[in-house]
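As written in TrEMBL, here are the features:
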- Asp186: active site, charge relay system (ACT_SITE)
- His219: active site, charge relay system (ACT_SITE)
- Ser371: active site, charge relay system (ACT_SITE)
- 177-419: domain 'Peptidase S8/S53' (DOMAIN)
Amino acid sequence: MNINHKAPAAGSRKPVSEQLASGIIQSSTSNSQHISKPWYHLLGGILAVFLGLAPAISSAEPPEGRGPGVKKPLGWAKGRILVMPRAGLPEKELAKILGEHGGKGRKIGQSDLYIVDLPGNASEKAVAARLAHHPAFKFAEIDQEVEPALIPNDPYYGSAWHLPKIGAPSAWDGSLGSGVTIAILDSGVDPNHPDLSLQLVPGWNFYENNSNTSDVYGHGTKVAGSAAAMANNAQGVAGVAALAKIMPVRVSGSNGYATWSAISQGLIYAADRGVRVANASFLGLTDSSSTRSAAQYMKDKGGLVIVSGGNTGVLQNYAVTTSMVAVAATDSNDFRASWSSYGNYISLAAPGAGIWTTTMGGGYGAASGTSFSSPVTAGVVALMMAAKPALPNIQIESLLYSTAVDLGTAGRDPYYGYGRVDAARAVQAAASAVIAGDTQAPAVSITSPAGGSSVTGLVGVNVTATDNVGVTRVELRANSTTVAVDTSAPFTFIWDSTGVTNGMVSLVAYAFDAAGNSKASTAVSVNVANGTTTVIKDATAPQVKIINPVAGNVSGNNVPISVNASDDSGASGITHMLYIDGALRATGKGSTLGYNWNIRNVTAGAHTVQVVAKDAAGNSASSSVNVMVVK
């Protein structure tokens, strides 16, 4: 493929798409090779840990289901965990609970997420497990290490095939991404790269807590170029959104591995600065409560978070979430790349094999992985936002899905999501879209405590709130006074009843959406009967997991099903209900449930095994596994 870099003659009026297509890439063997990490990057990483700037990573347990190119097992950050307390929990009470474990909390930005620093002799897993079962918290988890979604040493095609495949040249006639900033959460970005240097805006280094966002591994520079490398400048390559700005947010060390806390901080940082598109090319991000919470925080502020679907090449039961757009990878023939992970969490697909992009040190090369299908999609989102800046993010996301090229099974499927992204159709749809006026208020109700019940001390209050677009916040009011505000589902509160006089108190929840519509729940009246005891009512669901079977193929005559469960109030109060393809098959009580599934007369193909566990207080949780019966 020969690409002419000669600038258009003065006065020429070629369409933007033709101008960009004439300067997409410059093939250079010398510049397309992998650039190894200089010694000073490695030394810098060692010094950062020594000086306490970068997190120390634990020795790790062997990972499961990880794909090609894995160099080391995943660990977690030593000396800290992540928690989200229920809305309304008094700071003094939070400090007391954390202090019982030697911990001290640090709030992340304006969100409700906390990093908890622990003493050196603490077990991060043990403390996280105990706090996860504490009714004052929505969740608690270790600060897991995550790897970049890169397929190393993959042969490249030597051309920007992905741009015409997604219709980028046609899209460029309507939008180049001007006025939109894409946050690249990665290993940093090369600040001196000729195709990136003029695109950069200030960011932050959350791995070492400083302003140095230079690339220390090379992954971030490749990702940034895929999304928004400058075009039509007689230099190397063109990104999908060539006039978008890039905010480098460093979240990884010099080995390319990041942590949930760094990524969560990066998303909140970008959202608080008005960034509307963020890309995080790491594996399994939808499985973290912290990153889901941070992504929802950004979405509630009008942004969209795009993440990699993963490179294991097998079915992944990662959490399904609407807070992120998880992207699978396709090749030049519109087939799913063999190494691209699949599962119900996949939202979309995009080119990710042999993507020609920028490399650290000023060069160019091709790279493969969902690390690159993700920023290609982020670039398309930037084009859509620039085409109609006032278009709400919810509409942009909907149009991104509806204009995708449907591949595989009709409709959304686990391999391609809604289909392969189509920049031309997406930008056209965004530009011509009528901004939908949202006049529908959310639905909201208080599910606990029950009306007429007596309460004392710190009281857990659970609220269910839904909306046709999305709930942005829920306010809890006691006798018309707002006592707590929750901005992320599940909407759970701690109400300090000691602040009111004993007697009947009316609790009302108000739910709001982004358009300003609001609705109040039916009032729930409770009897406040405080003496001297502080009690937090049990509003925490049990934990339940199907141990066997695991996702994948099953065969033979019988499949043993094993379930484990636990609850903060004790396993004796747990009731199990086992469903297969929606039909109730067994019930039981306690911490375990066993069932022998006879599959001799079961049809071959996909089946779902689900268990629902309920504790004595009525809180419930479920776990499911998708299996393929092979005859």
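Each residue, glycine too, has its Cβ placed from N, Cα and C.
TrEMBL does not curate its annotations; it predicts them automatically.
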Distant-in-sequence Cβ neighbours of Asp186 (active site, charge relay system), under 8 Å, six or more positions away: Pro148, Asp215, His219, Gly220, Val223, Ala224, Pro248, Val249, Arg250, Val251, Ser252, Ala258, Asn279, Ala280, Ser281
Residue, out of the active-site residues His219, Ser371, whose Cβ gathers the largest set of other Cβ atoms within 10 Å: Ser371
Collapsed DSSP category at Ser371 (active site, charge relay system): helix
